[in-house]
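**Q** Pasting a structure below so you can have a look.
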Amino acid sequence: MHPDLGPLWTLLYVLVILCSSVSSDLAPYFISEPLSAVQKLGRPVVLHCSAKPVTARISWLHNGKRLDRNTEQIKIHRGTLTILSLNPSLSGCYQCVANNSVGAVVSGPATVSAAALGDFDSSTMHVITAEEKNTGFIGCRVPESNPKAEVRYKIRGKWLKHSTGNYIILPSGNLQVLNVSSKDKGSYKCAAYNPVTSELKVEPTGRKLLVSRPSSNGFHILHPALSQALAVLPHSPVTLECVVSGVPASQVYWLKDGQDAVAGSNWRRLYSHLATASIDPADSGNYSCVVGNKSGDVKHVTYMVNVLEHASISKGLHDQKVSLGATVHFTCDVHGNPAPNRTWFHNAQPIHPSSRHLTEGNVLKITRVVMEDSGLYQCVADNGIGFMQSTGRLQIEQDSGWKPVIVTAPANIEVMDGDFVTLSCNATGVPVPVIHWYGRHGLITSHPSQVLRSKPRKSHLFRPGDLDLEPVYLIMSQAGSSSLSIQAVTLEHAGKYTCEATNKHGSTQSEAFLTVVPFETNTKAESVTPSEASQNDERDPQDGSESSLLNLFPVKVHPSGVELPAERNASVPDAPNILSPPQTHMPDTYNLVWRAGRDGGMPINAYFVKYRKLDDGSGAVGSWHTVRVPGSENELHLTELEPSSLYEVLMVARSAVGEGQPAMLTFRTSKEKMASSKNTQASFPPVGVPKRPVTAEASNSNFGVVLTDSSRHSGVPEAPDRPTISMASETSVYVTWIPRANGGSPITAFKVEYKRMRTSDWLVAAEDIPPSKLSVEVRSLEPGSIYKFRVIAINHYGESFRSSASRPYQVAGFPNRFSNRPITGPHIAYTEAVSDTQIMLKWTYVPSSNNNTPIQGFYIYYRPTDSDNDSDYKRDVVEGSKQWHTIGHLQPETSYDIKMQCFNEGGESEFSNVMICETKVKRVPGASDYPVKELSTPPSSSGNAGNVGPATSPARSSDMLYLIVGCVLGVMVLILMVFIALCLWKSRQQSTIQKYDPPGYLYQGSEINGQMVEYTTLSGAARINGSVHGGFLSNGCSHLHHKGPSGVNGTLSGNINGGLYSAHTNSLTRACVEFEHPHHLVNSGGVYTAVPQMDPLECINCRNCRNNNRCFTKTNSPLPVVPVVASYPQGGLEMKPLNAMKVPVCPASTVPDHGQLPDDCVKDSVAPIPTQHTCCQDNISDINSDSTEDTAEFSRGDSSGHSEAEDKVFSWNPLILSPVLEDCGEKTARSPPGPPLDGLSVVLQQAQET
């Protein structure tokens, strides 16, 4: 078993408290101070500062003003200050401040400056002549540079970086050529290289060295021509230059104050120069370079050397303890070259002279001291090349204690809504005072039940009895020091805050004002979705314990204001991983889905989503919209978006520690949907369906391993949007871009590449660009050249794909590479309006027309046609290899004049032909996404600039009307075609039915000079006065009633007992029609009935009467063929008596008595008559001659009926029924015409008795 460690832990805890108490009474001092730095603009700078004791708090000053931790581009973490991206506003003097309950001290200044390299002065070519075997001198005026530039030379096309052979690069930047020969003649150019920015600038003109033969013109001091004054830093290497020609270096002497400068010193000879590796202040003086010859001539040049000294303090401050009302003197003796400035500080604040604070030389005098005068005093000496400070502590005694004094008062601060704010207050006193904070609502404590809160943003989701236990204020206090932190500041937190330090001797107060500005002035009010409300209300009504209430919040509330170790060691959450694709199929909505990153040890309270619309062309952006999402959500539905638009999204996660790094995404909405395409639109989930929850990493089917969606994330970020280029200076540009999705890991840096046109290599323009910086300046571009740029995003997984190259950008100015400008311009061959804001044009350019003069690109000019002002022309620049271009940002339904020029360094060509093209009509909501394509502008036949091609004929609003009318007519034609097809189909069905169950046809004769109708008469023995009953055939029945002509009276009455077919029942379903027949009375007393006789044609004999009356023609039949007769006029019939004859009839059939028809026989309906007739034979009953009915009913069928009974035969012959009868004319089918007849006659057949 392990021994009980309880007492040991208690002892350790007591020791820690004692050490803390002792250290809290120690004055702070610095272990390390920040150092000056020179850095390239856009690159990061890191400054370090550390102090003891451990209770000391570190803060920073910039140019004497306190730095806020929320300052843009600056990150402060403990003793480290990081400038994320250096810009001119962040350059200057930085100091760190260490403070505790004793007081505060300030460090020495660290200068942060931007590296830069100036330009050479433009000058004409200088010609220098040097003698052989003598010394040559090439002068160079090195431009200003920070840090000092390295000098290089380009000699006859080759670079010289260091002294080599007979070439010596002097510290001043000049070049000395020893032992000149003919090989040394040629061109010499001086160059300056900045080691920080890696810039190299070359002298534009340079020097030309000529070599001559030796002469006896004496000697000369080539450099320096005049005496020089030098101020150098101590312990630095120094070279005093003296370039002499005409004498050897051994005849050059160096003197200091008239004495030999080399003997007994650390100076040495270097050719004809005097050098030392480390100069001391004792080396200050006058140095002379003396040259003489054998003839006694002497020449000299003098250097006045001044060695500077760092500031120093020979007598510093001492700690003092005085009583109230006494006078205090602090002495500070400073030295240095130049003389340093002396500055006094009290608790890191400069002391301004007053009636109680007086400065007299090296003494600070404080009269009538009060408790507020206690603390730390500093004397700071600074002469520009060095810094020195001395610190002393002032303690004031009052009855073994004194009233608290606020050493560091809280500062006024202005923050944005939602930021993290910290107010600090340090006080001293005996005993150590207790610090309290007061707001406008009174005392602020860290107990959850007494914490002041802002109004809940979703107050309507909570019942009046609910409590908002999310901590808003957090107070961290130590002995004599206290900090008030507001985790997510809101507008309600704005106002005055008071820090009060209290002990038994009294209290002291200090005030600070907190100003809160809205995060964005157009921030939308937060809305609550139904799902959120339902989730908040889904609690057990019976569970009213505090634990169940706390479970509603992700932040754990502690019962006291003491910070737990978990909170102290926690970090800000990582950026969320956005899972949504960069495009959406919806025109006005977007579903943003994400997965939470690492929470840093504290739960995520909320997500803040900012989005705005971007403009693809100009890069202009819309206003930000901000939405707050609860930390438990992982999805947000963005609405009221614009179709076909690009949007940018920034998203951060916030916990109790603070906000994490933002995640960035750009997405594009789809085109607006048409009403006709509603069937293709994706269906929306029904209202009230919960959002898709986040899958727990430990509860999925992959044993706790989260599998990323490879279709959504490949790890590396998406390529940024195409960058936009704007002018920064004559030789530099600003490259601006918009990032896209980060690929699941936050973007750590960007890289910009550039390419000069007509070259194939992409070069790096800037790298390691911080993710918060979306613009960078690219310098040292060649004037007159055309460049393209692209951007690369970098995260933990690697580099993204390269973005689309920017539009070609031409740098101002020309390097005069080509002196001849092109004369003949291009020829515009084709223009077309591709949308309501874009026009595309194509052109041709023949280099031979300009003697193959190289060109750099084309200028495209365009303006509205109705404008006569040349200043209205706008210009697009296109590279020389292009042959087409799209002009954007035009007005809808507007005609434009378009012309072109080609250009190079020498100038522009003449204008091309002018084309006129009109943009399309702006598409209204609901119109087709694919309008009728307009006619393009045909090319002009002339290449003159004044000729104008014909304009296009744009589709206007009337074309839409024509389109609608055409669609309606097309639909009508389609309906008509369907109707005709149905009619044809119905006719075919009827033909099929008639094929298997054909009715009797009514034949119509041909219309000739006369008409003939066959009639049959019955003899007197045929019971003329009788009635004919059962005139009905099983194939169909027709009641034929023909009206007789005037003057003819009588009735043919016949009775067929049992019907025509006694063996048949009336099973017909076909419609039957009655026809009236005329009856005629002749002189012999016979009654004749005019019955249209039907022609049997081919049907002579019948084999099967009952098989649907299908008859077959027999060639050996004894029956004659009766010709088809035509229709007849009712008033012109010739009647003949019928003789009795014996005719075979169909087998007996049964029909209902009294010749009645079935119920479905309609009086006015006539079934179509088939073209082929059958002959059916059967026995029939006797004919009843006693019938007196006026009408005789006959069976309408395809066969002739023949009767044979008791030596009496009655014959029915099928006759032709005229299709023009009044009752049946509309529904009777016309039969094919019969054979032609020569005249109108009536054939009467008499029945013969056998």
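Note that Cβ sites are derived from N, Cα and C of the backbone, with glycine treated the same way.
On a predicted model such as this, the values are computed, not experimentally measured, just so you know.
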**Q** Could you check Swiss-Prot and say which of Asn341, Asn851, Asn1049 is marked as N-linked glycosylation site?
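**A** Matching Asn341, Asn851, Asn1049 against Swiss-Prot annotations yields Asn341.
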**Q** Which one of these stretches, 193-215, 699-721, 929-951, shows up in Swiss-Prot as region 'Disordered'?
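**A** From Swiss-Prot, the annotated region 'Disordered' range turns out to be 929-951.
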**Q** Which residue from Asn286, Asn1025 is recorded in Swiss-Prot as N-linked glycosylation site?
**A** Asn286
**Q** Among Cys49, Cys190, Cys242, which cysteine is annotated in Swiss-Prot as forming a disulphide with Cys140?
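**A** It is Cys190, per the disulfide annotation in Swiss-Prot.
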**Q** Cys425 forms a disulfide with which residue in Swiss-Prot, given the options Cys379, Cys499?
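**A** Between Cys425 and one of Cys379, Cys499, Swiss-Prot records a disulfide, namely with Cys499.
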**Q** Given the model, what does the mean pLDDT over the domain 'Ig-like C2-type 3' (224-302) come out as?
**A** 90
**Q** Would you mind pulling the DSSP three-state label for Cys242 (disulfide bond)?
**A** coil
**Q** Considering Cα atoms only, can you say which of Cys96, Cys140, Cys289, Cys332 is the nearest neighbour of Cys425 (disulfide bond) among these disulfide-bonded residues?
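**A** Looking at Cα distances from Cys425 (disulfide bond), the smallest one goes to Cys96.
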**Q** About how far apart, in whole Å, are the alpha carbons (Cα) of Cys49 (disulfide bond) and Cys379 (disulfide bond)?
**A** 20
**Q** Can you name the disulfide-bonded residues among Cys242, Cys289, Cys379 whose CA is within 10 A of the CA of Cys190 (disulfide bond)?
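**A** Taking Cys242, Cys289, Cys379 one by one, none has a Cα falling within 10 Å of Cys190 (disulfide bond).
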**Q** Near Cys332 (disulfide bond), how many other Cβ atoms are within 10 Å of its Cβ?
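**A** A 10 Å sphere around the Cβ of Cys332 (disulfide bond) contains 26 other Cβ atoms.
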**Q** Per DSSP, Cys140 (disulfide bond) is which: helix, strand or coil?
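**A** For Cys140 (disulfide bond) - judged by DSSP and reduced to three states - the answer is coil.
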**Q** Determine, using Cα-Cα distances only, which of these disulfide-bonded residues is closest to Cys379 (disulfide bond): Cys96, Cys140, Cys289, Cys499.
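**A** Spatially nearest to Cys379 (disulfide bond) by Cα position is Cys96.
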**Q** Just to confirm: which same-chain residues, 6+ apart in sequence, have a Cβ under 8 Å from the Cβ of Cys499 (disulfide bond)?
**A** Ile406, Ala409, Pro410, Leu423, Cys425, Ala427, Ile435, His436, Trp437, Ser482, Leu484, Gln509, Ser510, Glu511, Ala512
**Q** Based on Cα distances to Cys289 (disulfide bond), point out the closest of the disulfide-bonded residues Cys96, Cys140, Cys332.
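**A** Closest by Cα distance to Cys289 (disulfide bond) among the disulfide-bonded residues Cys96, Cys140, Cys332: Cys140.
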